[in-house]
Every structure is written in C-alpha cells, then in structure tokens.
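Student: Please read through the structure below; I'll follow up with questions.
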Amino acid sequence: MAALGMGLRGGLARRPSISCAQRPAAAPRMTHRPNVFGGISPTLVRSPAEQARAPLLQKANRPLCSQPRRPALRPAASNIVAASASDAGAPTKKFMGIEAITWQKIVPLGFMFFCILFNYTILRDTKDVLVVTAPGSGAETIPFLKTWVNLPMAIGFTVLYAKLANVLSTEQLFYACIFPFIAFFGAFAFIMYPLRDTLHPTALSERLLEQMGARFAGPISILRNWTFCLFYVMAELWGSVVVSLLFWGFANQITTVDEAKQFYPLFGLGANVALIFSGRAVKYFSNVRSRLPAGVDGWGYSLKGMMGMVVVGGLLIAATYYGLQRTVVPKVQARQPKKKKSKPNMGVGESFRFLAKSPYIRDLALLVVSYGISINLVEVTWKGKIKQQFPNPNDYSSFMGDFSSATGAVTFVMMLLSRVIFRKFGWGVAALITPTVLLITGVAFFGLILFGGTVDPILAKMALTPLFAAVLVGAAQNVFSKSAKYSLFDPCKEMAYIPLDQETQLKGKAAIDVVCNPLGKSGGSAIQQVMIIAFGSLSASTPYLGIILLGVVLMWMGAAKSLNVQFTDLQQKEQLAKLAMARSELAAAPSTRKFKFVSGVNSQGFIEGKYVPLGEGEDVTASMDIVEADNAEEALAQKGSNGSLGAARAKVE
C-alpha cells in the first residue's frame, strides 16, 4: 500500500509531520473507502468552488494505491536553503533567473576587471617599448631583467605583503598595495621620464661596457636605463599584484564556486573589450607624433597620455572597491558567512613552509611556473624579431597596440566558448586546453625560425620577408596562447582557490601569484641565459629551447590532472558541509504553516482525516500523536482501531 503522505506537489514540504503551508479557511473533509486491493484509500470530497481554489489538490482525488510510490530523494543543499527561505517568508529577488545579490557582486567586479586589464595592457606594451628600444639595450636585456631585478623585487613584495596582512584589514591592505602603483606611474610620465638624461648614468655605463666587454651588455644596460627597468618591473608587478592577488583574491572571498563557474569566464568578456580599447588607445598615442610640431618629444607626449589614463583607471578601481566594501560585502557576509578555520598569524618563513606541505598548493604553483617558463621561452625570441622589424619606439608601440587589439578580439570569442567548456567538460578539460594551445603554436613558431629557408619562395609570393613572417607567426602564437590563458587558465586557477580556507587563500595567492609568476618567467630567462652562454646566441639554441618547451608543457599537464582530482574532492566536501549547515538551519527555522493534517480510524473502521487550523504560535507537530512506521498498515496497527482521532503517518525516508 502506498504511504499515507499526500505528496501534494508544491503544497507540502517534507517535514517530520504531514502538513500544508497555506490552506483556505474552510478545511475540506476527507473520507476513506476500501479499494479493490483490500486496502483503504482516502478520497477528498470538495465542491467545485473548492477545486477551483485548490488546483494543486487534484491528485488527491485518485486512490493512493494507483499512485506509484517514489523513493525518498536526498534533497540538494540549494533546495534545502530555498525551502528554508520560503519558510521564513522572504522570497529572493531575481533578475534574468539570477539573484539580485549576485548581480550586485558580479557587475562591479566586472567593471574593476575591465579597468585593471585596461591599465595592464597599456603598461605591458609600454614596458617592452621602453626597455627594448632604449639606448644600449635590446630584447637580450629582458632575461637578465626578469632574473636579477624582477624576481628579487617580487620576493621582497611578498615578504612585505605577508607582514602587512597580519596587521592591516583586508580593505586597508588593498589600498596600501594599489595606491603606490598609481603614484609611481603618474610620477614616471611627468617627472622621471622628462629627467631621464639627468637620472641615467650614461657615461658610467659606457665606461663599464668598454672595460668589461660586450658579453656584459645586458646587465650594464639595466644600470644605464634604470628608470626604464624600474617601470618594467612595476608593470610586471601590476599583473602579479593587482590582477592576480588583489582582484582575484577579493573576488574569491565574495563569490561561490557555482557563481565562479558561471561568471568568471564572463569577466574576461569585459576585460577583453578593455584589451581592444586599450590597444586602440596605445596605437592612437603612438601615432600622435605625426601631428606634433618639430622639436617636440613625440614618445614623451605619448607616454604622458597613456600614463594619465592609467592613473584615472587606478582611481576608478579603488572607488569601485570602496563601494563594494560599503554596500555589497556586508550583505554577502550576513547572507552566507564563511566559517573558516581560525589559525594564528604566521611569519613569512612559516607561511612558505605551511604552503610547501600542501600537495594542492604545490600543483597550483607548478601550473603558474610552467606557464611562465613556456610563454617566456617563445616571447623573448619574438620580441627580438619585432625590434629588428620596428626599431623606432613609436612604430614598435603601434604594432603592439594592434597586437593587443587582436588579442582582445580573439579572447572575447574564447570567453564565449569557455562557458560551454566549463559546463560540458568541467574544470579538468578546461585546465588542459591552455598548455595544449601553447605547445602547438610554439612548435609552429620555432619551426618557422629553424626551417624558414625552405619556405622563402612561398613567402616571396606573399610579399613577405622571412623576418616579417616570423613577427606575424610569433604574434599569432602569442594571441592564441594569451587568449587561452585569459579565458581558461586564469579562471581555472582562481576557481582552485575557492574551496580553500581563508588563511591558505590569502598566503597561498601571495606566494603563488606574486612569487611563482615571476619565478616562472625568471626560470625561462635563466634557461635562455644558459643557452646563450653555451651556444653563443639565442638563435643557435632554438632547437634546444623547443625540446625544453615540450618537457615543461608535459609537466604542466601532469600537474593539471593531479590538481583536478584534489579540486573535485575539496568541492564535494564543501558541498556536503553546506548541505549539513542548510539542514540544521531548516530544522531550526520557525514555521509559518497555518494548518495541520490529522487523521484517525472512526467507529465504522474507515480512516478519517482533515486539515485543522493551528493555534496561535503553535508548532506544526504540536498536539499531534505521531506514530513512525514503514507503511500505513503498520501505522494503523500501532494506533489501533479505537476510533480516537490521532495522526498515523508512514515514514518518508
């Protein structure tokens, strides 16, 4: 016999007792008659007016024996939370099927990301122009700069950040990190660059070059153009600190894994619109010198315009963050407070030892280091080709503006595809696409350099020189690699932080994004330095760089597979914890039900049941004599047929 639970769709919530959320004041009467199977079937007797008022009760007109008994389903955490909210009488506002609080988080975060990437694109293009085209410098300076300047400064910043994180609040830490960047970039364009001839030790550098020889030209060029190199390092740190650490760290604190899977790829849509706009802005200011009078420093004028936009963008980022802290963050914390493990403040050495013990963090760090090594092995060689093709700073900058716009357009398309990839294939497949793309395009670039002589006749028919063809193929390689990074690699990396506790999130991101990111680039630079010393030139070491690239990418793929297993396990544990919390909240929530269902066996041997109003403040199960049984017959046997009006209920779980 079917269980006695009425199973009214949408009208009854699964509770320890069977009751109704809202019923008409006139309680319908229910009578029961024997059915063809020898059991007892209840039939609800209602007037047509009652049927019109209660369409959800139509199923009750059929005998329960004709309704298939469905096994009790384990409710999802989201359903329990929704039921709890429904019980509390506070429906959630939605727009386009998404909760309003989610929009209040996602839209400002998307605007912040737009401004951050707008600035980063301008800084990235400008830093390369300054260093590569500076007097006595070139693309060969970049490996030394990344190894001996960028990496030590990144480590120093991480030490400082870890100390500040122990004494400042999250909001204060954000401002303490971003305002020095804004001040430096403004001061560089309007103070340091105009005074470069005074600040740069040109005469000393030339004497050192004569005494030490051309093999030390790279380190000497860093000293000779130290303000340009400082700008290069600060621009690199903007990507590591502001993009990876400040923005993604803040986003991970106020978003859930489900929101991240849905919206993190979409952040890139706005961000890559920023790439397109910033690329156009770089190209505009690079070409402005043609409209300037003779004797005016065109590059200095362009630099002031671009750094002015960077300063304005930085102030907009800080203002948006301030608004989120005042309006959205309190709502998020009140709505779903995160219960993280409390840990004592750790020093810098303790932080690194703590993180080194975690296989999860090690695999995540390996992903970041592998990307840095791989992209650096290809990018430095490509930038050397660009300088040969465009020796003038404005021409170089104009080409980089076109490159950034192309990167933004391709990444925009990749962002649209990334949502499908995450939804259909999951985190693991998405994490493997970036190394695969980088490997394929990198092999094509190195192959053209190594075997360019065999394709010279084909290039001649296309009106291309081998040098310009190498520049274009390298640009295509960087466009597809960076678009895969922005649309898939970065969201995958940031999603991996979400299941971690707050201590591991904070210091794990500081160690990985600020140290491991430049460590990967410095590792690639160190490999190139060794190759240059061993084989005499970068071009002579190209075949060996290709082999190293293959090994690094394979190691990258192995770490991604290992991290996928750990990420899935942590996510499942977090969902179970949320489910348990939601169940406890639902059990403790006050009921707003107005009626309860009671039934019993009358003197004629029939089951008789009806809905009766609850008393003021009375609980759903108050004054009900509950009997637990596996089915209705067993419940009736326990109650007996003495005609008393009680509640006989079959178990639903």
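Placed from the backbone N, Cα and C atoms, the Cβ positions cover glycine too.
Below are the features I grabbed from TrEMBL:
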- 106-123: transmembrane segment (TRANSMEM)
- 173-195: transmembrane segment (TRANSMEM)
- 230-251: transmembrane segment (TRANSMEM)
- 263-285: transmembrane segment (TRANSMEM)
- 305-324: transmembrane segment (TRANSMEM)
- 360-378: transmembrane segment (TRANSMEM)
- 398-417: transmembrane segment (TRANSMEM)
- 429-452: transmembrane segment (TRANSMEM)
- 458-480: transmembrane segment (TRANSMEM)
- 530-557: transmembrane segment (TRANSMEM)
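Please situate the listed features within the shown structure.
Tutor: Listed as Cβ neighbours of the transmembrane segment (230-251) (distance under 8 Å, sequence separation of 6 or more from its ends, same chain) are residues 109, 112-113, 116-117, 119-120, 123-124, 126-127, 130-131, 145-146, 149-150, 153-154, 157, 161, 170, 174, 177-178, 181, 184-185, 188, 260, 264, 267, 317, 321, 324, 490, 494, 497, 505-506, 509-510, 513-514, 517-518, 521.
Long-range Cβ contacts of the transmembrane segment (360-378) within its own chain (Cβ-Cβ under 8 Å, at least 6 residues beyond either end) map to 146, 431, 434-435, 438-439, 442, 445-446, 474, 477-478, 481-482, 485, 489, 493, 496-497, 500, 504, 508, 511-513, 516-525, 527-528, 545, 548-549, 552-553, 555-556, 559-560, 562-563, 566-567, 570.
Among residues of the same chain six or more beyond the transmembrane segment (530-557), those with a C-beta under 8 A of the stretch's C-beta atoms are 140, 366-367, 370-371, 373-374, 377-378, 380-381, 384, 432, 435-436, 438-439, 442-443, 446, 449-450.
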Student: Please work out whether the transmembrane segment (398-417) lies in contact with the transmembrane segment (173-195), by counting C-beta pairs under 8 angstroms that are 6 or more apart in sequence and asking whether there are at least 3.
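Tutor: Contact criterion not met.
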Student: Residues sitting near the transmembrane segment (458-480): Cβ under 8 Å, six or more positions beyond its termini, same chain?
Tutor: 375, 378-379, 381-382, 385-386, 388-389, 403, 406-407, 410, 437, 441-442, 444-445, 448-449, 452
Student: What residues in the same chain, six or more past the boundaries of the transmembrane segment (263-285), come closer than 8 Å to it by Cβ-Cβ distance?
Tutor: 102, 106, 109-111, 113-119, 121-122, 125-126, 251, 255, 301-302, 305-306, 309, 397-398, 400-409, 411-412, 414-416, 418-419, 422, 483, 486-488, 490-491, 494-495
